[in-house]
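One structure is given here, and the rest of the page talks about it.
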Amino acid sequence: MGTATLPASNKSWVDKLPIISHLKMSSGLQRGMLISGLALTGLFLIAAIFAPLIAPFDFAQSGNANGDFPRQAAPGGDFIWGTTSGGYDVFSRTIFGAQTAIFVIIAAVVMSLFLGVLLGLVSGYLGGWFDRIAVMLSDAIYAFPSLLLAIVMSIVISQGQSKVFGGVMAAAISITVVFIPQYFRVVRAEVMRLKAEPFVESAQVIGASPWRVMFTHLLRNATRTLPLIFTLNATEALLTLAGLGFLGFGIEPTSASEWGYDLNRAMSDATSGIWWTGLFPGLAIVVTVLGMTLVGESMNDLNDPRLRRFSRKKAKRITEAGVGA
Amino acid sequence: MTITSPPGQVPSPLAAPKPAKQKGGGFLRYVITRFLLIIPTVFILITVVFFLMRVTGDPITAALGGRLTPDQLAERIHEAGYDRPLFIQYFEYLGQIFTGNLGRTLTDNTAVTDILTTYGAATLELAINAVLVALIVGIPLGLVAAKFRDRYPDAILRVLAILAYATPVFFAGLLLKLIFGVWLHWLPIAGRADWQTELQLTTLQAPTGIYWLDALRSGNMEAFVNVTQHAILPAIALGLLTGGVFLRLVRTNAIGTLGREYVEAGRSRGVSEFRLTTKHAYRPALIPIITVMGMQIALLLGGAVLTETTFEWKGLGFKLAEYLTARDFVAVQGIVVLLAIIVAFTNFIVDILAALIDPRVRY
C-alpha cells in the first residue's frame, strides 16, 4: 500500500487508517482473504469510475450508425458478452451497472449513517420517551424482512415523487430506511455504555451542554465499530437494490443500468438457453458482494483478538505446513 | 446482520425489554411476557406500513389511475372511503385487522386472508424445504470447518459460505435453471407440479396445500416424484443462502465447544476425533442456531419472495410480486401486514423453543 515510502512523521496516522492497519496486522490465510477482497472491490470501483471509458456502447444504446444492434446475439465480435432481447450490449450494461450500484450504495450508506448515528446519539444520551419510542420502532423494523420494507418504501417514493428524484435516488432512500435501525442500535448501545464513563461526567461537571457532550465527546468514541457495519451494509444495500430491481421496482432501463433489473429480463431468456444476458450481470453482483464481504469479514476477524492470527511464530508454522496464502 | 456477528454474541430477534430477573416464575411467565411482546411489534409495523402507504396517495388512483375518468375515479375513491380523514381510516383499518379482515384486493377483489389460505401452504412448503437443505448443508460442513480451523478445508468452506451469501437467490435460481433444466434436462424449471398432477392434488379431499404431503396421502407415487422434482431447484436456491449462514454459525460455535475441557477430557479417555466432533462438540453448538433461526425467518421470507418469482412457485411471494406489478397496493399492504404477523409469531415460537432447550434464556 506504499506506506514504506512515506516519511516517518506521516507513518503514524497512515498506519491507523482502517484497511492499512488491518493489512499490517494480518498474515497467512487472513491476509489472503483481505487482499483478494480488496482486489475484487478495486475491480468494482474501477468499473464504476471509468465506466464511460471501458464500455464500448452506452447502456441504453440499441443501435448505431450502421443500424440496430442484433437482438439476443451470442457473445463474440463487436459484442463480447452478447446482446439482450432489447438489443442492448450486455458488456456495456454490466459495466454501467457498477456505476448505478456504487451510487446507490454510497447514497444509502451515507444517509443511513448520518440519520442512524444522529438518532442513536440523541436517543442514547437523552433517553426518556423519545428513546423508548425510537427503540420500539427500530426493533419492530429490525425484525421485519428488509426486502419487504424496501418494497413499501419504494412504493411510497415512486408513487409520489419519482420524477423529482429519479429511480436511483428512490432505491437509495428505500434502502436507507432499512439500515437506519442497524446504525441506531450500535451507536445507542455504545452511548449508553459511555454515558457512565468519567470523561463524560467531567464534561458535564464543567458545564458542557448536552449537544457539546454528544458531538465532541461521545461521537468519536461511539463510532469506532462503524467501518465494519459500513462494509456489511454496502453489500446488503447492493443485494436489496438488486432484489428491488428483480421485482421490477428498479430503475427504468433507459435511465440507468441496473443488474437486478437485467436479471429479471434475463429470466425468460434462460428458458430458451440464452445464458449470457443473465450470467454477466449476476456475476457482477456476486463479485462485488464477495469482494466487499471478504474485506468486511477480514476486518471483523482482525478486530477480534480471539479470531486474529497475527503472531509471526504461528504464521510461520502455518506457512511451513504449506497452507500459507 | 447475523453474518458476521462476533462469536458468543447471539443477537436476539427482538431486543425489546427482556423480562426482569426472577428467581421463580419460570417458563410460563416467560411465555406470557414474550407473547405480550408480539402485540407492540405487530401494532407498530401495521401503523408504519399503513401511514407509509397512504402518505403519497390513495391506492385506487395508483391502481386504476390511467384507466378511469377523473369522475369515475373520485366516485370509486368515495365508495371505498379513501377521501375521509386519514386517522379515521387508520382506526377503521385497525378494527378490521382485529376482526381478521385484511381488506380486499383491488384488481381481482379477493380477500387478503383468502390469499393466505390459497397460497400460504406453498410458501410454507418452500420454507420447510429450504430450511432442510440449509440444515443438511450447513451443519456437517460447519463441523468440518471447525475441525480443520484455519486450514484449507476451513478456508474453502468459508469462502463458499460467503459466496452463498453473495449470490442473490434469483441469480442462483437462474444458474440452476440453466444447468439442470435447460442443458441437462434433469429437472423442471418452473411451477410446483405438472398441471395434471396439480389438478389431481387440488381435487383431493381436504388438501393441505403442501403438495408432497398431499401426494403421499393420496398414495400416488408418480405424483410424489413429480412434486419432488419440482421442489428441488427452488429449495436449493433458497436453502443455500440460509445454509451459508448456518455453516458459519456452526463453525464459530463448534470452535468454541471443541476447545472446552470436557472435549479434552473425552479425548484423554480415547474417544475418537470423529465422535468428539459429531457428538460432544456438536450438540451445544446447535443451541445458538435455534436462537438465530428467528432472525433467519425474516431473511427466508424475503428470499422466498424472490425465489417464488424466479421459479413461478405460486406462493405468497409470487402473488406479492404479481400485485406489485399490477400496482394493487391494497393487496400489497395486506400481504406485507400478513407477513409481518407471521414473522412476529414465528419469532415468538423460536424464542420459546430456545428457552425450552436452553434454560438460561429465560432469566
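Quick reminder: no glycine exception, Cβ is built from N, Cα and C everywhere.
A quick note: this is a predicted structure, and the numbers were derived from the prediction, not measured.
These come from TrEMBL:
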type	residues	note
DOMAIN	B:120-354	domain 'ABC transmembrane type-1'
REGION	B:1-22	region 'Disordered'
TRANSMEM	B:31-53	transmembrane segment
TRANSMEM	B:126-148	transmembrane segment
TRANSMEM	B:160-186	transmembrane segment
TRANSMEM	B:231-250	transmembrane segment
TRANSMEM	B:285-306	transmembrane segment
TRANSMEM	B:330-357	transmembrane segment
Exercise. Counting Cβ pairs under 8 Å that sit 6 or more residues apart, are there three or more between the transmembrane segment (B:31-53) and the transmembrane segment (B:330-357)?
Worked result: yes
Exercise. Do the transmembrane segment (B:160-186) and the transmembrane segment (B:330-357) come together with 3 or more C-beta pairs under 8 Å, pairs six or more apart in sequence?
Worked result: no
For this session: Quickly jot the same-chain residues contacting the transmembrane segment (B:330-357) by Cβ under 8 Å, restricted to those at least six beyond its ends, or write none.
Result: 13-14, 27, 30-31, 34-35, 37-38, 41-42, 45-46, 49-50, 53, 59, 63, 97, 102-107, 110, 112, 115-116, 287, 290-291, 293-294, 297-298, 301, 316, 319-320, 323-324
